[in-house]
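Chemist: What Swiss-Prot shows for this protein is this:
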- Leu131, Gly135, His136, Leu137: (6S)-5,6,7,8-tetrahydrofolate binding site (BINDING)
- His239: site 'Plays an important role in substrate specificity' (SITE)
- Lys240: N6-(pyridoxal phosphate)lysine (MOD_RES)
Amino acid sequence: MSTANPASAPDSFFSASLEQADPEIAAAIRGELGRQRHEVELIASENIVSRAVLEAQGSVMTNKYAEGYPGNRYYGGCEFVDVAENLAIDRAKKLFGANFANVQPNSGSQMNQAVFLALLQPGDTFMGLDLAAGGHLTHGAPVNMSGKWFKPVHYTVRREDQMIDMDAVAKLAEEAKPKLIIAGGSAYPRAWDFKRFREIADSVGAYFMVDMAHFAGLVAGGVHASPVPHAHVTTTTTHKSLRGPRGGLILTNDEALAKKFNSAIFPGLQGGPLMHVIAAKAVAFKEALQPDFKVYTKNVVENAKALAETLRSAGFDLVSGGTDNHLMLVDLRPKGLKGNVSEKALVRAGITCNKNGIPFDPEKPFVTSGLRLGTPAATTRGFGVAEFQQVGHLIAEVLNAIAQSSDGAAPLVEASVKQRVKELTDRFPIYQ
């Protein structure tokens, strides 16, 4: 007969720390925390969430299945997850001035897929910004579902100033007669004319959708025009400049469309929603409703302009000449550099960014002629204009050094910059 204590396994299961249960994963998390603490994060789609968001996302709500919507679930025991989801919905509506909100999309891709499922049939024509001009994979890239199942027609930017030509968009819409027109992207540094887009959509009988995943935080903070009054549907991720957990959000002012989007998410695309993530979304929306979030977003834009001007003054070309939001694209061709080589050198120097294609880029997507830089994450940790000017000079120092090297590396300069980056980040600690 066994003499083992039958309670020992459950006791360990509910009490063992991550370090005790899985030291390998614990070590990886420690390493990632160290990286975030000691590197300047300039990836435009990344941010640093609050401890409260982390706590909500790591809560016991991860245990709960809740297929359906608040008050109409397929499972019992949903009274507390209903509270969380209703708070997330109400806060999202208040934050963006929308009549309806679906907080269940697990990702940005799934929120956009839900709009397509609700509004289009396979083979239907839609318009979006070309990925090469700053659009997004889910707006009709050939490798994406949106490009495989539907018929994308892409508008682009002018060669002379790399900005969207609205007259050209109108002409293309008249020719293509799309059922849906999308504004928004992943690497467009300028403002969008939502009013004109809606007029164009109305002129051809199309729905107008805005994917504001990148600039939603700026909209919430009042430093970027809101698409919600103009669009039939607005989608956004809840991370990036909104500074929440990774996930998606669908907004509309049209009740009939809201029902379509709800059905498209569940049961159309997803089953049980991630209630721990929805709880964290609610926390992030509450944070974004506070006055200090307006200050934060104002700083994000000011810091982006400071970084852009510093790089321009150091002799670097910027796509479209600058930025109106939180991101910028550096055209590396005048320096004789490639995006992939430049990204690696900056990472070695403690500055995290990503290679990025530029409009009419002659290089392949995994090489590129550009870098994308963004200010949300470093602004969250407290960087201001002076710090971003310093970062701009450090970037220029590294890139100028590797431009003079034969192998895309400048070890002495990279090491020197990395030390100065550590001194800078030590002044702005995170998660103490």
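Each residue, glycine too, has its Cβ placed from N, Cα and C.
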Chemist: For the residue listed as 'N6-(pyridoxal phosphate)lysine', which residues in the same chain are close in space, meaning a Cβ under 8 Å from its Cβ, but six or more apart along the sequence?
Modeler: Ala44, Ser45, Glu46, Asn47, Ala213, His214, Ala216, Gly217, Pro376
Chemist: What same-chain residues, at least 6 away in sequence, bring their CB to under 8 Å of the CB of Leu137 ((6S)-5,6,7,8-tetrahydrofolate binding site)?
Modeler: Ser109, Leu131, Val143, Asn144, Ser146, Ser186
Chemist: Starting from the (6S)-5,6,7,8-tetrahydrofolate site formed by Leu131, Gly135, His136, Leu137, give every other residue of that chain whose CB sits within 8 Å of the mean position of their CB atoms, in sequence order.
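Modeler: Sorted by sequence, the hits are Gly128, Leu129, Asp130, Thr138, His139, Gly140, Ala141, Asn144, Gly185, Ser186.
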Chemist: Report, in whole Å, the straight Cα-to-Cα distance of His239 (site 'Plays an important role in substrate specificity') from Gly135 ((6S)-5,6,7,8-tetrahydrofolate binding site).
Modeler: 18
Chemist: Cβ distance under 8 Å to His136 ((6S)-5,6,7,8-tetrahydrofolate binding site), same chain, sequence separation 6 or more: which residues?
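Modeler: Long-range Cβ contacts: Gly128, Leu129, Gly184, Gly185, Ser186, Asp211, Ala213.
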Chemist: His239 (site 'Plays an important role in substrate specificity') has how many other Cβ neighbours within 10 Å of its own Cβ?
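Modeler: Here the count is 25.
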Chemist: Could you say whether, by DSSP, His136 ((6S)-5,6,7,8-tetrahydrofolate binding site) belongs to a helix, a strand or a coil region?
Modeler: coil
